[in-house]
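One structure is given here, and the rest of the page talks about it.
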Amino acid sequence: MNDGNSPEGAGPEHCCGDLGTRQSPMPFDGQNLATDNVSVIEGETATISCRVKNNDDSVIQLLNPNRQTIYFREVRPLKDSRFQLVNFSDNELRVSLSNVSLSDEGRYVCQLYTDPPQEAYADIAVLVPPGNPIIESREDVVSEGNETELTCTAMGSKPAASIRWMKGEEELTGETTVEETYDRMFTVTSRVRFSVTKEDDGVPVDCIIDHPAVKDLLAQRHLEVLYKPEVKIVVTYPDGLTREGDNLDLTCIAEGKPHPHQINWLRVDDDVPPHAVVIGSDLYIENLNKSYNGTYRCVASNAVGEAYDDYILYVYACREEPEERHGTGNYVVDMIKKTLCFCRSAVQHSRASDGAPQKIDHAVIGGVVAVVMFAILCALIVLGRYFARHKGTYFTHEAKGADDAADADTAIINAEGGHNNSDERR
C-alpha cells in the first residue's frame, strides 16, 4: 500500500496497531491464531479471515504488507474503502478487498493482542490471465511431405502460462520460451514443427493455454495442404465382360489439391486405337476386337505432381463364354446364344459410324428381342413336330405284324394273332 492509505488519525487504534514489537512468525499448528493464503484474479475480490480458537477476549487486528492497520476489531482506520468488514466476533475477523490489483499483492498480518502477541500471515497472490493467444504459421499453404512451423504467443499473464498443442486428436510437442516483463508479467511463446500429408488438409491445429486464472482459452488454425492427384479408372460401360463388337466407356476420376489441370489417356507399350475418342476425362472405344487388348492408363497432374491408374483390357471372342466355352449341349440354347452374339455384333458395327457410343438404344433392344422371340418360336415348332412324330409311331406299332402279309385276309389274321399274343403275354 502507498502512504496515501495512512491511518485517519492518531487514535488508540493507530498507536497500538503494531504494538511496537514484532514477534518471529510462529507455526500455525497448535496456536490460537490462524489464517489462510489467498489467490485472487485481478479485478475480483479477496477475503482474509483471521480466526481465533479459545479466545480470552484478546483484541484482533489486520495489517497490510506495510504493517498499517486495516481493521482494529470492527474499526477501519485505513482510508481505502475497498476493504470492508465481512464478520467480526470474538473468534474471527473477516475482511474483504474488492477490485484487487497487482499492487495489493503481498503478506497481510493477523495480530492477536496476547502476551506475548501472536501473528499469522496471509499471502495474497494476484493472478493475471493472459490475453487471447495469437497463432501464426510460417506459410499459409504447404505441400504434402514438407515441414511447416506454427507459433503461438500468450502475453501479459501472471504467473507464466503454459502452452499445449493438438493436431486433431494428436498431441504435439513444442519448444517454449518465457520472457518476464518489467511489470512482473510474463509473455510465453511456443513453436511446433511437423511434416504434413494430404490427410492433414483441413485438420485443425489448436494452441491451448493453461493458466489458473482462465479456462478453455485457445487459438485454432486449419491446415491447408496441397497434394498430387488421386486417380481411379471406373468402367462405365459395359457392366460385364468386354466382347468383340462391344463398346468400351472408361471414366477417369482424379481428385487433388489444386484440382488436376490436365488428364491424359495413353496405352502402355502401344498406341491408342485410332478411332478412340477422349471427351474430358472419358475414353470411348467402339467395336472392340482382340487387337485392342492391353493396358490403358489415365495420367492426371497438378502443381504438386502427377499420378496414374491402369485398366487392363481383354476382349473375349463373340461366342466365347468363360463358363460355357464349349457350348451347353442343348442345340436350341446354343443357337439362341449364337443368334444374340450375331445380333450384338451387327448392332455394334452399325453404330460404329455414329460418333460416341450411346449406352441405351431402344430400337436396337427391340430388334434383339424380336430376333430372340423368333428363334424361340422356331424352336417350339421344331420340338412340337418332333414329339408329334414320335407319338404317332407309338400308337401304330401294334399293327407291325401285318406289314408282311400277302393279301388282306392274311393281314387280318396276323393282326388278330398279334392281339392274341399280346393277351397271352399279359
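Cβ coordinates come from backbone N, Cα and C, glycine included.
Straight from TrEMBL, the features:
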REGION    1-30  region 'Disordered'
DOMAIN    25-125  domain 'Ig-like'
DOMAIN    129-224  domain 'Ig-like'
DOMAIN    229-302  domain 'Ig-like'
TRANSMEM  363-383  transmembrane segment
Tally of DSSP helical, extended and coil residues in the domain 'Ig-like' (229-302): 3 helix, 41 strand, 30 coil
Residue counts (helix, strand, coil, in that order) that DSSP gives for the domain 'Ig-like' (129-224): 3 helix, 60 strand, 33 coil
Averaged pLDDT score, the domain 'Ig-like' (129-224): 96
